[in-house]
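Enquirer: Before I ask anything, let me first share the structure, which is written out below as structure tokens.
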Amino acid sequence: GAAMLRSLGPLLCLWALRLPALPAGTGAAARGLDVASYRERVRAMFYHAYEHYLESAFPYDELRPLTCDGQDTWGSFSLTLIDALDTLLILGNVSEFQRVVNVLQDGVDFDIDVNASVFETNIRVVGGLLSAHLLSKKAGVEVEVGWPCSGPLLRMAEEAARKLLPAFQTPTGMPYGTVNLLHGVNPGETPVTCTAGIGTFIVEFATLSHLTGDPVFEDVARKALKALWKNRSDIGLVGNHIDVITAKWVAQDAGIGAGVDSYFEYLVKGAILLQDKELMSMFLEYNKAIKNYTKFDDWYLWVQMYKGTVSMPVFQSLEAYWPGLQSLIGDVQNAMRTFLNYYTVWKQFGGLPEFYNIPQGYTVDKREGYPLRPELIESAMYLYRATRDPTLLELGRDAVESIEKISKVDCGFATIKDLRDHRLDNRMESFFLAETVKYLYLLFDPDNFIHNDGSVFDVVITPYGECVLNAGGYVFNTEAHPIDPAALHCCRKQKEEQWEVEDLMREFYSLKKNKKFTLKRASDHGEGEGAKDPEDASLEKGGEKRNYKKNSHSLLSCPSQSFNSKLAVLGQVFLDNT
């Protein structure tokens, strides 16, 4: 292991030296890059795919672009329509957004006998519905009294999430990977779940709890996060798959990619969304271990979680979310260096292969495909907001050109089965419209409402008082569904604590003339808690609103088959569609 580490550095350096040089004047060209024309090309990409989905595939989950028909993949709930809904609004199409909201209300039923991925249903369905719910007023939907604390899309999101709760009923609190939407966890269900399939719930579930007043969702999500933290290795790493009954690690490879990725992402995004120091400190501890054991020359490898020895010197396309995540915690310099490594791979192939052997500088057998994933584009969007470096627009340009040239067919855009010869696969994943197109559009649309810096906002009257929305600082879930963090402070249903504070305030101000009593009340509550200005109290209660954004990331699925070894078995996301 140590010898391998020593030999890897020069290999990586040699490989970096062999990368093709950028054409002369590229930087200057990017500065003159016609952002508006690329934005319109991205818009046209969206509608080419979306209209063919409606025409040829709806009400199935996904479009099959080579045969111009549809298929159910992750359930049976018109998944592409749910996933694409908030993208419609980001493109400015309020009339279609309104139409789709009505279609979904009438047509989607979660009371069905279907085995669904707990992870995928959460990020795509619950996340998509929550985001659309919170954006519906902006989209001109006539919202009901009590919105955003009630509404048809919120009720649908809650219904879908309730169907997932049986998966969390395990001795460890870590969920099963698959649940039957009608019957709960199937007898004989494998107890092996990937790390991301355990740690990717806090964004959606905390949002649900705050909007509905039911703490159960946030509680199960937190318990699962903490169980992973408790089961990290002595050197501070987590593996790839764990038995949720016994808490034994089944796949012991540690890295930042498939099977793990969005767990780290949700520690950061959960910390930002909830202003939660504990979640952030967990991430920062992991970040140290990841740097110590897996990072080499701005690449990240896979290592054995207990020993730290390298198990696979590969880069996976799903890891390309990491620079975006680094930018969210302010580590922009490291983020840019890693991003530029990943971008060289894109330029080599016109896309990111699922696996890339770093020392050899080439694809890994059976992992040569590119299913139009968003991760590198997502990182470019974050980093462009942080740096305005024109290289990031170049990646966007290259992505548009590549996807149009290689992947576009008469009925949509097809997964690239092999980046070496550009063979296509008969699939268009819903994340293409939810994430890839959205992040491309946002990269080329600096004035989009999503990028709001707080200078404009809406004030909404709720049964619980006034509430500020759409001020910016959106946190994207890992399927690129934006959640407005301010909305979490609109619906004060779990309110005993707040009422107590308000009662104290009232009592305090009504008795203000009696100074002696006032001082006594303040001292009774330690450090003068009772003596705060009501505005300060509400500010504290609401939490400081920060204009951070979220990185989105990855779409793996936790497999329902048993595992035999290591990273060779990373889940359905890598299964061939043959």
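A Cβ is built for glycine as well, from the same backbone N, Cα and C atoms used for every other residue.
TrEMBL: automatically predicted annotations, no manual curation.
From TrEMBL, here are the annotated features:
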SIGNAL    1-28  signal peptide
ACT_SITE  E120  active site, proton donor
ACT_SITE  D261  active site
ACT_SITE  E354  active site, proton donor
ACT_SITE  E375  active site
BINDING   T478  Ca(2+) binding site
REGION    522-553  region 'Disordered'
COMPBIAS  522-546  compositional bias 'Basic and acidic residues'
Enquirer: Calculate the distance in Å between the alpha carbons (Cα) of E354 (active site, proton donor) and D261 (active site), and round it to a whole number.
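Expert: Cα of E354 (active site, proton donor) to Cα of D261 (active site) measures 14 Å after rounding.
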Enquirer: Out of E120, D261, E354, E375, which of the active-site residues is least crowded by other Cβ atoms within 10 Å?
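Expert: Among the active-site residues E120, D261, E354, E375, the lowest count of other Cβ atoms within 10 Å belongs to E354.
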Enquirer: Quick one: give me the count of other CB atoms within 10 A of the CB of T478 (Ca(2+) binding site).
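Expert: Cβ-Cβ neighbours of T478 (Ca(2+) binding site) within 10 Å number 32.
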Enquirer: How far is it from E375 (active site) to the residue listed as 'Ca(2+) binding site', counting Cα to Cα, in Å?
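Expert: Cα of E375 (active site) to Cα of the residue listed as 'Ca(2+) binding site' measures 10 Å after rounding.
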Enquirer: To the nearest Å, how far is the Cα of E120 (active site, proton donor) from the Cα of D261 (active site)?
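Expert: Each residue's Cα considered, E120 (active site, proton donor) and D261 (active site) end up 14 Å apart.
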Enquirer: Could you state the whole-number distance in Å separating the C-alpha atoms of T478 (Ca(2+) binding site) and D261 (active site)?
Expert: 10
